[in-house]
Amino acid sequence: MKVTIIGSGYVGLVTGACLAELGNDVFCLDVDERKIALLNAGGVPIYEPGLKELILRNREAGRLTFSTDVAASVEHADVQFIAVGTPPDEDGSADLQYVLAAARNIGKYMTGFKVVVDKSTVPVGTGDRVAEAIREELAARGLEDLQFSVVSNPEFLKEGAAVEDFMRPDRIVLGCNADVAGRHAKAIMRQLYAPFNRNHERTFYMDVRSAEFTKYAANSMLATRISFMNELANLADEVGADIELVRMGIGSDPRIGYSFLYAGAGYGGSCFPKDVQALMRTASAHGKPMRVLEAVEAVNDAQKQVLADKVVRRFGEDLTGRTFAIWGLAFKPNTDDMREAPSRVLAQALVSRGASLRVHDPISMPEAKHALAIDLAAIDGGFARVHFSDAQMDTLDGADALVIVTEWKVFRSPDFNQIKRRLKAPVIFDGRNLYEPEAMQDAGTDMMLDRYWFGDVERISPEAPVPVVQIKRSDERLGGAANVARNAAALGAQVGMLGVVGDDEPGRTLETLLSASHVQPYLHRDPSVNTTIKLRVVAHQQQLLRVDFENAPGHEVLAAVQDRFLALVKEYKVLVLSDYGKGGLAHVGRMVEAGRAAGCLVLVDPKGDDYSRYRGATLITPNRAEMRHVVGAWKTESDLTIRAQNLRRELHLEALLLTRSEEGMTLYTEAEVLHVSAQAREVYDVSGAGDTVIATLATMLGAGVPLKEAVQHANRAGSIVVGKLGTAVVTYPELFGTPA
């Protein structure tokens, strides 16, 4: 089918390229000669994932034409899409001058029946105004009887995922008139969108005004969810609640769902701000003010100031001499759109108080330079105090703090140790809740010394209502990854332990304990690191207190360990990577690759929410909480299976073993799902149970035991160790009832 797209902006280009991809002959019109010249030269004026490739492919195939010739565009097709901008007027109403100009051009040049499709976001009643503009032009030509019909077909595209949204729509809304011309237009549009309805009907037919209203209602509803979540997040900060946990708690309700429930720095872009204002203007014009939307807009305006307010509370009102690193400038990820971006409000607030900025965005740097030059023009020397860096980490050098404004994926798993080193102080204002506080605070070596002080409680302190423990004895045990090594050695495996410790007494104690446990220690001692210690105070077989002493190994230290790792990995059958989120496995992705390249089975005890770091491993062993954090809450066992298998395939794993506490374990492979019930009769302490499980699994697999049988042994070992106090091991006789 021949189609004309009037307007080669964001909506027009995506619509035109996607329709051409379906085999249609598409003519894209724009009055901007420079834009058309760029498109004809193979360029694209906007960034949208997948769009450039789509345009180039269909131009080369002859299905996509770009031109400034208005008459040719009208002559080209019976279906004319109007996809021009509708910027807000000063009062917030949509400016329809470009829409009506396009309509008049259609009336000026049309010679036969036309379907005129309003693709632009327009106020209710615009279809009538478009029809009137066309009729006026036809009357001026003496062609009052020439037929046409106006159709409303609002777009529901998300910037950053627009191509995917168009090609795989969840719904298509078509507003058609009920007269003869309208029914003819409906039949043509049904044919145009037929490829999207082959699996099931995705098109909703309604009258024109209802379709126009649907678009504004949808965007206003989404904006409302965002503002409401931001209100909840601000309150959560005050009352000590974790908004991420709250989000999961309410999002698991199917009546609510998880979409658009992320708290942040406020919404921006070309749609939500404009559409909320336009709907409020329409409501006001009809004497029905929308008080909810007035609050939504007010909350969003205030939310864009929250990050700046937090910076001021930390550093004071006068920021002269301060430098701040900003990651993320576009209003959302996967776009270069700076319209109404929260970063612009933040930049103005900080620079106006005397601060300098070092900023980075993966895509929007050219657009950001233009936008911030305008925003900061009124501040003396303001724009000159903004340094644009192409390297994300370079923004940190000498900065007083890092501010996260846009949730680009590349920002999700940074090297926190490097951030600490390059910032003046380890201060992060996370405007998008990208990071777990524990992941930043607990960055340290993944090998640790567990110290136990045992005693009796005979009285309560008169100074405070706390028990006074009289220490009777102490014990020192291997903790963290060292406990995994100790467990494997207890089952008879030949084990080497690679890690970082401080050049201190606890580090020497760790080495002694490893050797005593028949583990070959390959320890890198570094004076800049303090060996991690977990001190537990126990009385009457109950842990009363835990005190942690830890700090992070630097990048250079870890790089030195990497060289040792590459030399050692070739000597072992199984590589176990025990990630405790302490920073010692900052290069875990490379370690997985090296292990597989050396022919090792690679087992990972994972942490965090970015499991892409473990891609290509043989097997990972998340527990229930860790799994839920990555794949979301599941409703049924079959739902869990789907999520687990999808994760396993996405990461190219041979297997995924989910440890489920009292529910046992579930093994997911390509061939089957195997559930193993828990066997523990008494549970005293679950400390280190995961260490025992992965150590047993590694030992069995290294000995050539089939995976299913190895899982059975690991499950039994876990059931035994929880009956012991503190970090402990399971021996060969305990597991098998016979001597090793």
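A Cβ is built for glycine as well, from the same backbone N, Cα and C atoms used for every other residue.
Going through LYS108, LYS332, LYS369 against TrEMBL, the one listed in the substrate site together with PHE156, LEU157, LYS158, GLU159, LYS215, PHE260, LEU261, TYR262, ALA263, GLY264, GLY268 turns out to be LYS332.
Record note: TrEMBL gives ASP30, LYS35, THR121, GLU159, LYS274, ARG339 as NAD(+)-binding, and the candidate from THR86, THR203, THR214, THR224 in that site is THR86. For the pair formed by LYS158 (substrate binding site) and LYS35 (NAD(+) binding site), distance between Cα atoms is given as 22 Å, rounded to the nearest Å. In sequence order, THR121, PRO154, GLU155, PHE156, VAL173, ASP275 are the residues of the chain that are 6 or more apart from LYS215 (substrate binding site) and have a CB within less than 8 Å of its CB. Considering only the binding-site residues LEU261, ALA263, GLY268, GLU159 (NAD(+) binding site) has GLY268 as its nearest partner by CA-CA distance. For the pair THR86 (NAD(+) binding site) and ALA263 (substrate binding site), the C-alpha distance works out to 28 angstrom. For the domain 'UDP-glucose/GDP-mannose dehydrogenase C-terminal' (325-437), DSSP puts the residue distribution at 39 helix, 18 strand, 56 coil. Long-range C-beta contacts of ALA263 (substrate binding site), restricted to its own chain and to partners at least six residues apart, with a cutoff below 8 Å, comprise MET229, ASN230, LEU232, ALA233, ILE243, ARG247, ASN433.
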